[in-house]
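Asks: The feature domain 'G-protein coupled receptors family 1 profile' is assigned by TrEMBL to 42-293. The transmembrane segment annotation in TrEMBL covers 27-50, 62-87, 93-121, 142-164, 198-222, 243-265, 271-292.
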Amino acid sequence: MLLSNITQFSPMFYLTGFPGLDTIEHWIFIPFFLMYLVAISGNCFILIVIKTNPRLHRPMYYLLSFLAFTDLGLSVSTLPTTMGIFWFKSHGIYFVACQIQMFCIHSFSFMESSVLLIMSFDRFLAICHPLRYSVIITSQRVIRAGLAVIFRGPVALVPLVLLLKTFPYCGPRVLSHSFCLHQEMIHLACTDTTFNNLYGLAVVVFTMMLDLVLIALSYGVILHTVARLASQEEQLRAFQTCTSHLCAVLIFFVPMVGLSLVHRFGKHVPLAVHLLMANVYLFVPPMLNPIIYSIKTKEIRHVISKLLSLRKVSTKSWS
């Protein structure tokens with residue numbers, strides 16, 4: 001009786017790696033492992049650097065730490081099932097575990113979108129209203145905004161997660177990725193899911209898509225302000241302060257929009273395209289963001305060069 005209840009309320013789903021490449025899945029895991037290694041170590045490094053350097057306890061770096069935290073959460077959310085499939089050939093996952101993973105992936109995605117929006121507002125004030133920047137952007141306000149960001153996505157997702165548990169699931173229950181996404185789980189339900197589809201679309205439109213529109217408006221005003229500066233040197237210096245954030249926006253939103261379009265309108269698109277878009281969306285931004293900010297942020301570059309010089313000194317002393 002207990003086993004039947006578990007089966008009824010926690011149906012087993014089956015995740016997919018790369019169809020047709022089962023024999024070389026161990027080798028496929030190597031690039032995924034390297035991406036995880038770069039993403040987790042890079043974002044942890046940024047968090048540790050900001051935490052241990054009092055000079056970096058400023059609003060701009062608090063925002064960067066929020067971005068590193070969301071990227072770290074996004075990487076850790078997909079790690080268990082991806083490793084299970086490509087290394088241990090474990091494709092099965094109970095509904096509750098799939099539900100938790102789906103909630104974490106979408107929550108951290110919404111958080112990252114919100115953090116990028118706050119960072120765009122930060123750049124907007126820094127370039128368009130530099131004299132008022134230090135008055136408006138304070139550490140306390142940034143921390144409060146960060147807490148609001150942390151709760152916005154998960155709260156909006158709670159109804160979707162709860163409703164998924166009430167649906168019956170039939171058929172093979174095979175998902176086409178190595179992780180759980182709401183867009184796929186809802187298609188396996190053997191009942192009317194109109195409300196979930198509409199609510200999920202509304203959440204995406206009024207969170208991530210709205211964030212993208214507001215970010216685009218911010219950069220429109222920034223470009224207009226930069227174009228009015230007197231010299232090209234001032235224009236270049238002003239715009240260089242936005243390059244890291246602009247790269248982060250592009251590598252997050254371009255795959256996200258592509259994945260959404262493929263899921264909504266690409267029913268006849270090859271499965272390889274779905275897999276590619278989903279993997280780029282979830283794995284590339286957490287890997288590239290710490291690299292971009294380590295290269296483009298002067299203070300973090302200074303810390304890295306200092307650590308490298310200390311390592312050289314210690315190596316010479318041992319030799």
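Using the three backbone atoms N, Cα and C, a Cβ is placed for every residue, glycine included.
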Asks: Cβ under 8 Å to the transmembrane segment (271-292), counting only same-chain residues 6 or more beyond its ends: which ones?
Replies: 18-19, 32, 35-36, 38-39, 42-43, 45-46, 67-68, 71-72, 74-75, 78, 105, 112, 176-177, 179, 181, 244, 247-248, 251-252, 255-256, 258-259, 262-263
Asks: What is the pLDDT of the domain 'G-protein coupled receptors family 1 profile' (42-293) when averaged and given as a whole number?
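Replies: Average per-residue pLDDT within the domain 'G-protein coupled receptors family 1 profile' (42-293): 86.
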